[in-house]
Amino acid sequence: MLTIDKLTKRFGEKTAVDAATIRVEKPTMIGIIGRSGAGKSTLLRMLNCLSSASEGTITFEGEEITGLRGAARRNWQSRCAMIFQQFNLVPRMDVVSNVLHGTLNKRSTFATMFNLYPQSDIHRAIEILDRLGIAEQAAKRAEALSGGQQQRVAIARALMQNPKIILADEPIASLDPMNAQVVMQALRRIHEEDGRMVIANLHTLDTARRYCDRVIGMRDGRIVFDGTPAQLTTGVARDIYGAGAGFSEAATSTEIDALDKPDIPTAKAYA
């Protein structure tokens, strides 16, 4: 389904991603972990064609993705949607219009200039917002929403593209623990209910273990771990993060006792 073969990205003499190889045979929820500068974001940007690879290839369903240009690249970016830590919403625009921006590459220049949307798209946008629990916020400006709500708007915008893959670059890094769990539960539901592949860069081990079927660890641009959440032991984590014997997972935990049992089963239930 998705094959990443020896993918490499260099910035001058620095190698940000070094011969990354990943094979995904079916829609899966994958968490990528590693310290800052490990190459996680660069890897996702190459997957989305926001950044070109120095070497290596990306293939999805038999189609070569590496090096796409113009309309072909825009089409791929619709099939492989991306959300970011910063949300990237238009603050003074209402929520539903932000969601509808997910259809921009499918609309004419005239429709884009005058902000014209078909009723069917508007209804679909509201349905997606309702699915994410924020339909009542549709008419509000994006800037009036909390961080967790804004990230769900960004997810809704991605879903408007009807993608096969959702890439999430540190989607909960700027959120409090409660909102972080709401966002991760939403991504897990999208994977389970829609059969979409979700690949998320994550900064906490407990989040990767709880929500992901597969965890990939990166260190200094290289993939040093690729396995199940159960295989992600403290010793393995120490190696991924290059930490000493004093390494503590608790320092990065996002667990909340009150939310210990989410509305959906954890990833372990699907292992």
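Residue positions begin at 1 at the first shown residue.
Backbone N, Cα and C atoms are what each Cβ position is placed from, and that goes for glycine too.
Not measured: the values here are computed from a predicted model.
So that you can see what the record holds, here are the features copied from Swiss-Prot:
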- Gly34, Arg35, Ser36, Gly37, Ala38, Gly39, Lys40, Ser41: ATP binding site (BINDING)
- 2-245: domain 'ABC transporter' (DOMAIN)
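Listed in chain order, the extra residues whose Cβ falls within 8 Å of the Cβ center of the ATP site residues Gly34, Arg35, Ser36, Gly37, Ala38, Gly39, Lys40, Ser41 are Asn201, Met218.
Counting neighbouring Cβ atoms within 10 Å of each of the binding-site residues (Ser36, Ser41), the lowest count belongs to Ser36.
Cβ-based neighbour count (10 Å, all protein chains) for Gly37 (ATP binding site) stands at 14. Look at the Cβ of each of the binding-site residues Arg35, Lys40 and count the other Cβ atoms within 10 Å; the largest number goes with Lys40. For Ala38 (ATP binding site), other Cβ atoms within 10 Å of its Cβ number 25.
Per-residue pLDDT, averaged along the domain 'ABC transporter' (2-245), amounts to 93 for this model.
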